[in-house]
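Annotated features in TrEMBL:
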COMPBIAS  1-14  compositional bias 'Basic and acidic residues'
COMPBIAS  15-49  compositional bias 'Acidic residues'
COMPBIAS  50-65  compositional bias 'Basic and acidic residues'
DOMAIN    76-430  domain 'PUM-HD'
REGION    1-65  region 'Disordered'
REPEAT    104-140  repeat 'Pumilio'
REPEAT    141-176  repeat 'Pumilio'
Amino acid sequence: MAKNTDDKKRKAQEVEAEDDQDYYEDEEEYNEEEGQEGEEEEYNEEDADEMKTKAEKREEKMTKKSKFDNNAQMVYDAKVLWEKLKLVSLSKSERQPLVDRLFKMVEGKMTQIVKKHDASRIIQTLLKYGNEKQRDTIYNELKSDVVAMAPHVYGRFLVVKLLKYCSKEQRNEILKAFYGSIVKLTRNREAGHVIEYMYAEIANAVQRGAILEEFYSEEYRLFKSDKARTLNDIITASPHKKEAIITELGKKLTKALSNKGELLVTYTFIQKLVIQYFEHATPENCSDMAETLSEITLPMVHTKDGAVITYYTISYGSAKTRKSIIKGMKDYFCKVALEQHGHLALLRLLDVTDDTMLLNKSVLAELITQLPDLAVSQYGHLWILHLLVPYSSQVFSEHTINRLKPVIKSTQDIEHKVSKKDHDTRRKELMEFMAPKLIDLCSNHLQQLCCSPFGVKVLTYTLKECQGNKIILMNRLIDLLTTSIDEEESIVGGNNTSNIQLLLKNDYIKTTDLPKSMFEKLKDRLVDLSLQDENMAFIVRDLIKYALSENALQKEAIKIIDKNQKKLNQGNVGCKSMVKVLLNQNTTKDTKKK
């Protein structure tokens with residue numbers, strides 16, 4: 001008896017597959033006919049016979065299918081109507097009658113057809129274009145089956161549409177239906193998408209907390225709070241539960257991430273849970289979690305929370321774990337370096353990986369292939385500056401500097417040292433590899449760097465920090481800045497004013513011929529150029545104040561300013577600032593000498 005039932009089901013599936021194929025063949029013909037509307041067609045007897053044969057075949061298949069599926073004809077007719085309804089070009093007045101007709105066809109039969117791939121799309125379209133009453137009817141028919149539909153390959157799209165188009169009260173009821181099954185459903189590929197949509201797009205603070213709490217323990221799976229609370233709140237209120245909660249959370253995360261980790265780590269609620277685990281678990285348990293995550297950091301490093309997880313994974317990881325992370329990110333380091341959040345992971349890798357040969361070969365060698373583009377990028381230049389001036393408050397925010405500390409501290413104030421090698425030794429080994437590349441970069445892309453607020457920082461700190469032959473670089477820089485002064489679209493001034501000012505404040509510049517060359521080029525027109533352009537006035541001010549500091553030419557320059565003090569004071573803001581800063585500075589120096 002069971003065998004006969006299985007045979008019937010198999011035959012029904014075969015007939016349905018044949019019908020779908022035949023339907024989509026007819027759909028192509030329908031679309032072709034629509035495109036040729038208005039054209040004169042020639043009658044072809046053989047084509048007519050062929051069409052008749054197809055119609056007969058379809059009718060025969062439908063007859064067979066109807067023996068196993070009472071809704072077969074209705075679904076087919078609904079699909080034909082749906083093809084017209086889904087057209088974006090339809091006006092509201094044209095679409096509404098089609099919606100009403102289609103709704104009448106499927107009303108009362110939705111639970112029987114929603115798991116069919118084509119019928120599911122029909123209901124989704126009705127939710128999108130239907131009125132409030134029709135949506136209420138759809139919700140009432142399907143509300144008892146939403147959890148069962150979520151793991152289904154076609155049903156999950158319908159659950160998402162219900163969450164999107166139903167009323168707030170109905171959405172809340174759908175969310176409640178999932179409570180108690182969150183962990184189990186997360187492990188299912190299709191249902192996981194539904195949970196992620198609920199958490200990221202639909203849930204409020206209380207509901208998001210309820211979703212996360214199911215990973216903590218059986219108690220929080222069964223009993224929900226009507227107030228928003230975080231894991232920190234729970235641990236603060238019940239410190240004795242902390243160990244059990246973290247242990248259970250670790251088990252559930254490890255089990256889930258070991259099977260479908262590459263997909264799950266892209267979910268925002270999973271990322272939030274992993275961060276909570278790293279913040280509260282012991283360093284030993286964090287190291288185990290880092291090993292679990294080591295091969296799946298790439299899919300999540302692009303998001304804010306994902307980058308933080310990657311940061312923790314690198315920080316707590318062993319040498320083997322870090323090697324796996326580097327291997328997993330191969331060919332993507334340039335992309336990661338350019339990202340707002342992802343660059344943090346790159347900074348941490350360069351900061352704690354003891355195997356500098358591996359960094360040079362696998363990470364830096366890949367990054368230097370796009371060095372000119374990275375150097376002028378808002379985030380892409382930061383790893384370069386971290387090598388040149390690590391932990392600089394002029395480059396990084398206080399938050400980032402705290403993240404990059406050589407010791408990581410948990411919420412219990414347990415400290416964990418993140419590397420064995422001394423930081424200065426590591427930096428020296430990396431700079432031996434990078435310094436020649438950075439000097440070449442600056443020599444060959446000088447104008448591009450000078451015209452970028454990020455690139456000029458790379459140039460400034462390369463001049464100051466890199467050891468090596470910089471003669472060619474300085475000669476080109478002198479030539480670029482001095483010849484540019486006379487050009488109509490000069491890089492000295494305008495939008496590049498702050499860039500050139502930063503360059504002139506560099507201590508290394510004082511030791512070169514650049515200040516002297518610029519002053520010799522400017523001194524005969526110094527006052528006129530400053531009066532014409534306030535940006536040029538600011539550059540002249542900083543040239544004299546910083547670059548010519550402790551130089552005999554500074555006195556000559558100040559004499560010119562003093563001589564034209566009245567004229568400059570009547571000029572633009574830059575000229576007034578020049579007089580105020582330089583003459584006051586000179587007066588202060590003279591007073592100190594006396």
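Keep in mind that glycine also has a Cβ here, set from the backbone N, Cα and C atoms.
Those TrEMBL annotations? Automatic predictions, nothing curated.
Nonlocal intrachain contacts for the repeat 'Pumilio' (104-140), taken as residues 6+ away from its ends with a CB within less than 8 angstroms of a stretch CB, comprise 20, 23, 71, 74-75, 77-79, 81-82, 85-86, 95-96, 149, 152-155, 157-158, 161-162, 164-167, 170.
DSSP states for the repeat 'Pumilio' (104-140), grouped as helix (H, G, I), strand (E, B) and coil, give 29 helix, 0 strand, 8 coil. In terms of DSSP helix, strand and coil, the repeat 'Pumilio' (141-176) has 29 helix, 0 strand, 7 coil. For the domain 'PUM-HD' (76-430), the predicted model reports an average pLDDT of 93.
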